[in-house]
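Structure record follows, encoded as structure tokens.
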Amino acid sequence: MAPSSNHKVVIVGAGPVGSLAALYAAARGDEVEVYELRGDLRDPSTIPLNFTKSINLALSERGINAMKHTRRDNMIQKILGEAIPVYGRMIHGRNDEKLWEASQAYDVHGRHINAADRCHLNNALLDELEQTPNVKLFFNHKLTGADFRAKKAWFEQRTPADNTSRAPEVEITFDYLVGADGAHSISRYHMMKYARVDYQQQYIDALWCEFHIPPTEEGEFRISPNHLHIWPGKEFMFIALPSADKSFTCTLFASTSYYTLLESSPESLLESFDKNFPGVCPDLITPADLQTQFETNPHLPLISIKCSPYHFGSSAVIVGDAAHAVVPFYGQGLNAGLEDIRVLFECLDQHGVYDLNASPESRALSRQAALQAYTDQRTKDAHAINDLSKDNYIEMRWGVQLPLYKLRKSLEETLDRYMPSLGWQTQYVRVSFSTQPYSEVIKAVERQGTLLLYGSISAIISSAAIVGVLAWNYPMRVSLLSMLQSPIQQLWSVWRNYHC
């Protein structure tokens with residue numbers, strides 16, 4: 001453990017992001033207290049905040065890199081040892097009454113994301129915290145108030161079995177508070193009383209419902225475990241991600257009106273799945289189970305949040321979903337939250353917050369500058385992944401089947417494989433297999449798109465010139481013109497529609 005920093009850090013939220021923040025602070029010698037609204041998250045009876053039992057998440061480079069900075073190799077090995085490597089998408093469909101599937105690799109170099117158990121990840125982080133002497137965990141504590149000028153906060157000590165009497169309240173002091181308490185953050189609510197926060201909340205026109213594909217009778221996976229399975233529809237989609245117990249956790253994403261249609265009768269649900277998600281029912285989920293799961297599991301909205309700034313003075317900062325809830329279509333919500341912690345503590349380190357020779361007043365000023373730097377750096381990147389995640393919903397439910405998507409993916413992967421010095425990569429690779437800032441990812445992808453467009457136009461002009469020369473010099477072979485005209489027109493139409 002590092003020498004005591006004489007900082008007291010209070011973290012609200014003991015989920016993965018809050019737990020990682022506690023490990024970072026503890027490693028720097030801070031006195032850390034973690035307060036969690038729910039009971040001990042390692043207790044199976046603890047109810048998730050979204051009231052579902054969903055256990056799957058996509059853990060990729062950003063999240064793994066952030067955890068590696070804790071230098072707790074055993075913890076990381078424990079987490080990844082239970083994860084399932086996912087190398088790409090498996091697109092499902094049906095033509096002429098025949099089922100088909102097509103694999104789309106994420107990366108030409110064979111890299112993969114990890115389908116990880118959310119509970120297993122959170123438990124591993126909490127176990128590490130419990131073994132860290134300068135960390136205290138407080139479950140069943142609800143944040144009820146905060147004074148970020150006086151650096152005080154108040155929590156109710158809740159007793160799960162007692163819902164009648166008023167919970168006793170405790171007052172605590174801190175040097176700074178980290179709000180990691182999710183999209184409906186109480187920390188953010190209280191911080192907004194002090195900081196002039198621009199806040200934007202959006203519910204997209206989509207609901208989600210969880211389904212479950214069980215293992216076979218022999219205890220094996222029913223479909224490939226190393227893919228994210230997608231049944232795309234133009235306005236909706238059904239996906240499946242593998243779990244360690246050989247089952248799949250599935251999600252139906254669709255508009256409110258589509259859910260209303262499915263709710264109208266049992267026949268509507270079965271007919272819709274047979275038409276739009278071929279091979280799911282009855283092959284993977286029985287009709288009875290499909291109906292039961294649809295009626296039993298909640299139909300939940302998807303929330304997207306942007307706000308700024310992420311801090312107040314030297315005493316408060318929000319991270320993860322509390323700062324930037326994103327829709328789940330890039331699998332980056334948790335990864336972005338974990339990356340927040342790496343960026344936050346890099347800013348604290350760079351501004352000399354942990355200089356033990358500095359006075360408390362000087363360190364407070366340094367911390368204020370560090371939190372401002374964190375806001376400046378992270379806001380643009382969080383807004384970028386927010387936008388990318390929304391756009392990826394369109395790609396997953398529709399774009400993966402378009403010729404343009406396949407053409408651009410093929411071109412970019414070819415350049416990445418055979419001319420790596422150009423630094424050419426697909427958007428997915430930049431997001432999932434690097435730590436390139438999200439805002440820079442958007443700029444790089446736009447630049448690549450522009451170059452590909454100009455390259456295509458040049459190819460069209462060159463082809464037209466060649467055809468013209470041939471037609472002039474070899475009139476008897478003018479049929480070559482009509483032979484090339486159609487594909488040239490198609491290529492131009494695809495690029496024009498894509499960029500308009």
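Cβ atoms are placed via backbone N, Cα and C, with glycine included.
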Same L-kynurenine site as Tyr106, Asn392, Tyr428 according to Swiss-Prot: which of Arg89, Arg367, Arg408, Arg447?
Arg89
Annotated companion of Glu36, Leu37, Arg38, Ala58, Arg118, Leu143, Asp321, Gln332, Gly333, Leu334, Asn335 at the FAD site, Swiss-Prot, chosen from Val17, Val108, Val135, Val353:
Val17
According to Swiss-Prot, one residue in Asn163, Asn357 is annotated as N-linked glycosylation site; name it.
Asn163
Given Leu334 (FAD binding site) and Arg89 (L-kynurenine binding site), what distance in Å do their CA atoms have, once rounded to a whole number?
20
What residues, ordered by sequence, lie under 8 A Cβ-to-Cβ from Val17 (FAD binding site) and sit at least six positions away in the same chain?
Ala180, Val319, Gly320, Asp321, Leu334, Gly337, Leu338, Asp340, Ile341
Using a Cβ cut-off under 8 Å and a sequence separation of 6 or more, which residues in the same chain sit near Tyr106 (L-kynurenine binding site)?
Val86, Tyr87, Gly88, Arg89, His112, Ile113, Tyr428, Val429, Ser432, Phe433
Cα-Cα distance linking Asn392 (L-kynurenine binding site) and Gln332 (FAD binding site), given in Å to the nearest integer:
11
So if I draw a 10 Å sphere around the Cβ of Arg89 (L-kynurenine binding site), how many other Cβ atoms end up inside it?
20
